[in-house]
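> One structure follows; several queries about it will come next.
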Amino acid sequence: MVDTLGASASTDDGSVKEQDRLLPIANVSRIMKQTLPTNAKISKEAKETMQECVSEFISFVTGEASEKCKKERRKTVNGDDVCWALAALGFDDYAGPLKRYLQRYRELEGDRVLNQEKAGNAEENDEPSLYRGSQPRN
């Protein structure tokens with residue numbers, strides 16, 4: 001398996017610290033609670049087991065995506081690489097919805113950037129003319 005954590009996550013002997021290897025248990029617990037009925041209880045053992053599983057799953061998929069990037073001589077893993085890795089590992093049921101989510105995210109992100117650019121241009125037109133090198137209008 002490919003080491004998917006940065007150098008800062010290692011101890012002096014080269015091993016990875018437990019807290020850097022796992023998702024925070026509070027986050028895992030919150031996600032689990034959102035899925036269950038409000039009156040359901042979750043044992044500590046169930047939370048810790050899920051924490052191990054989701055952390056391993058993320059490492060597994062990221063490692064596969066990272067290997068693809070290495071073969072293609074790229075240094076950055078992107079969303080398309082993650083979708084590819086899910087499909088390559090047999091998680092087609094997840095790859096399809098994630099591709100649709102990624103596409104929608106990119107559309108919304110593109111809209112957000114355009115709106116920021118438009119707002120920036122509008123502010124430039126309203127700013128004092130000091131910034132444009134001319135005298136203010138009266």
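Yeah, the Cβs are placed from backbone N, Cα and C, and that goes for glycine too.
Since the structure is predicted, the reported quantities are computational estimates derived from the model, not experimental observations.
Sharing the record's features from TrEMBL:
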type: DOMAIN; residues: 22-86; note: domain 'Transcription factor CBF/NF-Y/archaeal histone'
type: REGION; residues: 116-138; note: region 'Disordered'
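Quick one: how deep are these features, and who are their neighbours?
Averaged over the domain 'Transcription factor CBF/NF-Y/archaeal histone' (22-86), the predicted model reaches a pLDDT of 96.
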> If you run through the domain 'Transcription factor CBF/NF-Y/archaeal histone' (22-86) with DSSP, how many residues end up as helix, strand and coil?
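Going by DSSP assignments, the domain 'Transcription factor CBF/NF-Y/archaeal histone' (22-86) contains 47 helix, 0 strand, 18 coil.
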